[in-house]
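Going by TrEMBL, these are the annotated features:
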TRANSMEM  42-60  transmembrane segment
TRANSMEM  81-99  transmembrane segment
TRANSMEM  152-171  transmembrane segment
TRANSMEM  183-206  transmembrane segment
REGION    280-310  region 'Disordered'
COMPBIAS  286-300  compositional bias 'Basic and acidic residues'
REGION    318-337  region 'Disordered'
COMPBIAS  318-328  compositional bias 'Basic and acidic residues'
DOMAIN    363-643  domain 'ABC transmembrane type-1'
TRANSMEM  364-387  transmembrane segment
TRANSMEM  399-420  transmembrane segment
TRANSMEM  501-520  transmembrane segment
TRANSMEM  577-606  transmembrane segment
TRANSMEM  626-646  transmembrane segment
DOMAIN    680-904  domain 'ABC transporter'
TRANSMEM  986-1007  transmembrane segment
DOMAIN    993-1284  domain 'ABC transmembrane type-1'
TRANSMEM  1124-1157  transmembrane segment
TRANSMEM  1227-1248  transmembrane segment
DOMAIN    1320-1554  domain 'ABC transporter'
Amino acid sequence: IRRAAGLHRLWFNPCVFACAPQNASYLDREDPDLPVCVEQTVLVWIPLGFLWLCAPWNLVSLCRRTQVNTKHLSKLYICKQAVVSLLLLTAIAGLAITLGEDYGPSADTPSTLKNPGVYYANPVLYIVTWILLLLCQAGVRRREGAVDSATLFVFWLLLVLCDIFPFQTLLREALKLGEIRDIPRFCLFYISFGLELIALILSAVADVPPEAKERNPEAGAAFLSRITFNWFQSMVIKGYKQPLVQEDMWELSEADSTAHINERFQHFMKTEFAAAKVRHQHRLNKKQDERRDKAQEDLKNGLSNGLGKGVSQDMLMMEEKGKKEDEKKKKKKDKEKEKEENYPNAWLITTIYKTFKGVLLESAFFKLLQDLLAFVSPQLLKLMISFTQDKSSYAWEGYLYAVLLLAVAILQSLLLQQYFQRCFVLGMKVRTALMAAVYKKALVVSNEARKESTVGETVNLMSADAQRFNDVTNFIHLLWSCPLQIIVSIVFLWFELGPSVLAGLAVMVLMVPINGLLATKARKIQIENMKFKDKRLKIMNEILNGIKILKLYGWEPSFQAQVEGIRGKELKVMRKFAYLSSVSTFIFSCAPALVSLATFAVFVGVSSDNVLTAEKAFTSISLFNILRFPLAMLPMLIAAIVQTSVSRKRLEKFLGGDDIDSDIVRHDPSFSTFTIDSAVNVCDGSFAWERDAEPLLKNLSLDIKPGRLVAVVGAVGSGKSSLMSALLGEMHCTKGFINIQGSLAFVPQQAWIQNATLRDNILFGSPHEEDRFQDVIKACALGPDLELLPGGDLTEIGEKGINLSGGQKQRVSLARAAYSQADIYLLDDPLSAVDSHVGKHLFDKVIGPNGVLKEKTRILVTHGVSFLPYVDEIVVLVDGVVSEVGSYKSLRARKGAFSEFIDTYDAADIELIPEREDTLPDSPLEDTVTVTLKRESKQSELLRKNSSIKKVQDVGESKKGQRLIEKETMETGQVKFSVYLQYLRAMGWGYSVMVFVVYFIQNIAFIGQNLWLSDWTNDAVVYYNMTYPNWKRDTRVGVFGVLGVCKFFIFFLYRLFVFLGTLLLANASVNASGILHSRLLRNILRVPMVFFDTTPIGRVVNRFAKDIFTVDEAIPQSFRSWILCLLGVLGTLFVICLATPFFTILIVPLAVVYYFVQRFYVATSRQLRRLDSVSRSPIYSHFSETVSGLSVIRAYGHQDRFLKHNEITIDGNLKSVYPWIVSNRWLAIRLEFLGNLVVFFSALFAVISRDSLDSGLVGLSISYALNVTQTLNWLVRMTSELETNIVAVERVSEYSELENEAKWVTDTRPPEDWPTKGKLRFENYKVRYRPGLDLVLHGITCDIGSTEKIGIVGRTGAGKSSLTNCLFRIIEAAEGRILIDGVDISLIGLHDLRNRLTIIPQDPVLFSGSLRMNLDPFDRFSDEDIWRVLELSHLKEYVAGLQEGLQHEVAEGGENLSVGQRQLLCLARALLRKSRILILDEATAAVDLETDDLIQTTIRKEFSHCTVLTIAHRLHSIMDSSRVMVLDAGKIVEFDSPDNLLEKQGHFYSMAKDAGITKDENTAL
């Protein structure tokens, strides 16, 4: 027995390396096994080696002396250490057994048969390893933020896997022999194996300390959960149960937060930018030297030439002149070029690289591994096919290959997802860094740099350009990965097919220029398309801004035609683009087939020895499939990089611009010792807006003592606002200096209001103190306004203060300054925007000698002459120079520039500035509700005695309809199927069906082609070792492309079907776009005015811009991809089932799992997308707000607060972007596992049923299955993208179904010349703006005779404007009726009515287009008519003086005409229409007295035969009317001639008195 044991040991002895020849016998049988020597050496060394390599990384934290040991000893940690300690004991036991056997008492007298060395080596190795492991686990515990260790998990996994071999060897041996030979070792092995399994399970659990169970589950996720993104599950489930909201988003980890990213980026940017600056300086110096040398040379040449030739002077002059002009041109070019490159460049990319180096290298590593693994599958496939062909091979080989295929695929999936995750997060971080940098720069940018780009452009830097970088970074690794993949696959193909690969390669290379050509063509078309888009949107914008005018004049058809015209051109271009892209799709889809066809044909044709076997064919095809991707991606990537380089230049230019000089204004307290204490001191300063410009303010010297009130006056353009800017340090100081002691507060001329609550606008970052706050509110007369705002001081103010009137904005701006408790106040004309009595109140209570700020230093720019007597000192500016300084009295006495200035303002003005009723007339942009709010606030301000509108007592009641702007609905949940149907209906049913049929046929053809290939490869088996018959070869090559009909055609027919399909789809989708847009446009123009009052214009424009864009471009794209993917997946499954019928059993469970994953994902992803876009807009709006309020932010010194706020806004966006990225990975990894299972099962079933299969089909089904993972992934992506995009159809159709106003033309049409007399009659007329609101007119009854001139007066909100709106049926009657010449206006069509009345509106709205179009959009009148009316409206000489005359282009909103000229154009419109009834909505603020006079006289003369209704704001203008109608609270209170009304001493009399009109004055008039 003892000898037998010895022999057994000898057999077991791996050191006797005689097992090499035996190896074959181990594997060459039905039940293979590994030799024991391998099990005992190699399989032990692999896991241990891995651990020893990775140990240092885990031990580092033990060496650090830091006290991180705050983590308590968790139960999990104790368990882990206990398991390892037990393993250590087993190892020691193993060593002890060996020692005991060799040297123990039971041992024979020194026997020659000792135990082999391995029995000593292995236990010792294990002992060392386990001790190391104990240390490693302690190290992991001490590592900051670590919950488990990836390396340790991988080590346990390897160990268990490697130990499975000896596990089964020992078992099999024991069963075979029926006894256990070596009981102690057998037991020890199984004990340790059990412990290893336990350790593996423990290492997969995260050790999260209880205090860290916090905001972000990723931080506490274990290794397994991290690589499969399992930690994200909770959000997916939550998103599936109910739509996610912003509150569900997890906190960002420190490394992903904006603050952290920005800090790192700025750190690297400093050094890189400094280096770039140095380089730039070198370049400039070199250029200057070159120029100097050149100039000297020119001088020499010039002198010698002129003298030597003795040419006549004239000739010389001529030559010089010519030369000079050339040089001028050249200089201009040079200058432009220099401007291009006149900033340090080429530093942004390096900065980004250095900031994110770690992530970049990590992702590159993953990508490299994944790329190499991609080539393993085709090789395995090859083995698999040869296995099915060789019936003598053992079954276990097949199973081994199937398992290997699965393992490789899973590894590939894991690596790929890690790579994508890192790349997308990197893209997100780059975008964040750029956005934060742009914002930071915008806060300190100098004025010159600011002038170079508009607010829009800077916002674009933040949105578009940063996004470009984001997109490119996602795929940046493809730059090296694509060439690598191409090279490797060509090498492998060469092994397969030899030189014939070159044929296929040649086809591929030929494709590149064709693609390039198509791409440039497409780009051109795209640019053209953008032009039309911009043009269309510009017109749409104007239409929506001037919609009220269009309705009043009945001009909608003309503008509709204009937009339709542009849209038609746009669709034409789109159709072109669609055709082009279908051609390129055609070529592209032909590419792989052509390539494989070319290669195989050449391969078989070169010599008759070449037989195409299944192995070769399918391995090559799967390699060609790998090739498709890099070849498709490279051109796209290069195009994207080119685009990004443009963005890079723009960003570098902006980020490299000059900063504002912080040392223009000094804050030097010691300065006051020389002069007697002064708060603001300017010493002989000259200031310009730009470095090299003429100074605007020259030789300025000011000395302002603390606590004084100084007024700055001067004519328009004398530099008052510039002086303010200079004191704020916003201008360049060319000489002298400014010294300011104390903090500043600044009130700009145009109030800057943030999109925040009213309280936040006033506090502006200061702490809230209720008493002080109330005092300020009271002083700034904001009390009454607060009562009217729905939420008091917590009311949200819209962007740019949209829901406040001009005066309210100015008062809020002043309140902000008053609350800030600064030492020095710079007030830039804050009183201009408010009514005079309010101005007086503000001066008394805030600014003046008894105001809230009486102790402070105040510098007030003002036009209000009436305040000047009360100020301490007056500074008079004339053309940027201080002409005089002194008190009011002394300056009046001096009779200098100041008294002239006073005299130009009529002396009477000082005593009583006539009261302008309301400086901001109810402009059409303002919503009726705001107007009512304003009316009421005015009333409460002025506390009218006789006002009969009662204050709104109960806000709760009036809430209905008071909600100014309805919140935009964000869709949630699944998109209804009807929306898809709606889109298909728009495409046309015929088209839709055809597209499906064509695509279906095409798919069948594709499968057929490949089935033929598999059949062809079976020939290889038939004609094994025989010469391949020629006829057979020809048919095969032919039929590979033909499908058994004739030679090459059906192959192309299939491609043609693809082509047909894309063409049909292109046509159909262009149709759909056209239909959807025209429906939307038609409807929007027919919607009643109320809709525009309650909907922000941006929202409507968005439907025409973003949503129509989606319908035009995104939907067809995703629709096509979706169909292709769907059919692709179905085709694949079909082929696999055909090859291995077993597979059908599996389809159902796979489909179910797939469906659930997909539904879960889509619900979450869609909502995350929406959250992303919702949280993105605040970033941009906050940014544009900041840029427009820069001077205010800088004046108060609040840059840091705004930076912080920007970081918070960006973080808010990242919180939804990051989960979205992860959700994609979560989905991808699950789907890829599904796909990998498909591959595995198709391989497995192929092995099981290999006797009944031919190798061709096996190859086909597996190569298809290898493709299916990608396609599955895309299918889900496309489904969710289609769902996201189809929402646009939903939104467009929502606006195409709004209810319309009355018909434009009805059956009852008035006579042609109606109204002949122009008699008006109101009968008990009542009206309300919207259902649910109060009546605005309460039963008006009156008669107005033919050609009467009626003045309509009343306080703000009495219903004057409502009266005109009723005449035009902008609002429909609630009760009663209006008759014009006896015709009830509610019975005729709107256009019939509106075309017969004329209105000259309050604010002149012009549209971009020619002057002629603005006067006569329908081209109804001759040029003579138009010139005549231009003459009457005093515009003839102006228009005649223009180059294009009537064709002169009017800019958007009439920007290039003065306000007066615009008003006169509106008058010309009215004269042109010659109708019998004219309504004059009097323009108040817009027009200077001169123009007003012109208009009045023209109207008196030209419209003497018409009925004229004038809505007056200044009473002067209606004192000559035949009758005056006084409205109050929607009722007529007085209606009589002006004289009688003055006698009566009622309402009219009191209004006239307010305006300073008395009886005798009127008679004088």
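Placed from the backbone N, Cα and C atoms, the Cβ positions cover glycine too.
Listed as Cβ neighbours of the transmembrane segment (1124-1157) (distance under 8 Å, sequence separation of 6 or more from its ends, same chain) are residues 999-1000, 1002-1003, 1006-1007, 1010-1011, 1227, 1230-1231, 1234, 1237-1238, 1241-1242, 1245-1246, 1248-1249, 1253, 1257-1258, 1260-1261, 1264-1265, 1267-1268, 1271-1272, 1274-1276, 1278. Remote same-chain partners of the transmembrane segment (183-206), defined as residues 6 or more beyond its termini with a Cβ less than 8 Å from a stretch Cβ, comprise 76, 79-80, 83-84, 86-87, 90-91, 93-94, 97, 147-149, 152-153, 156-157, 159-160, 163, 166-167, 170, 174, 220-225. Sequence-distant contacts of the transmembrane segment (42-60), counting only residues of its own chain at least 6 positions beyond either end whose CB sits under 8 Å from a CB of the stretch, comprise 34, 122, 125-126, 129, 132-133, 135-136, 139-140, 143, 149, 151-152, 154-155, 158-159, 162-163, 165-166. Note on the transmembrane segment (152-171): residues 33-34, 36, 39-40, 43-44, 46-47, 50-51, 54, 58, 133, 136-137, 140, 186, 189-190, 193, 196-197, 199-200, 203-204, 223-224 of its chain, located 6 or more positions outside it, place their CB under 8 angstroms from a CB of the stretch.
Residues of the compositional bias 'Basic and acidic residues' (286-300) grouped by DSSP class, helix first, strand second and coil last, total 15 helix, 0 strand, 0 coil. Nonlocal intrachain contacts for the transmembrane segment (986-1007), taken as residues 6+ away from its ends with a CB within less than 8 angstroms of a stretch CB, comprise 1043, 1050, 1053-1054, 1057-1058, 1060-1061, 1064-1065, 1067-1069, 1071-1072, 1075-1076, 1123-1124, 1127-1128, 1130-1131, 1134-1135, 1289.
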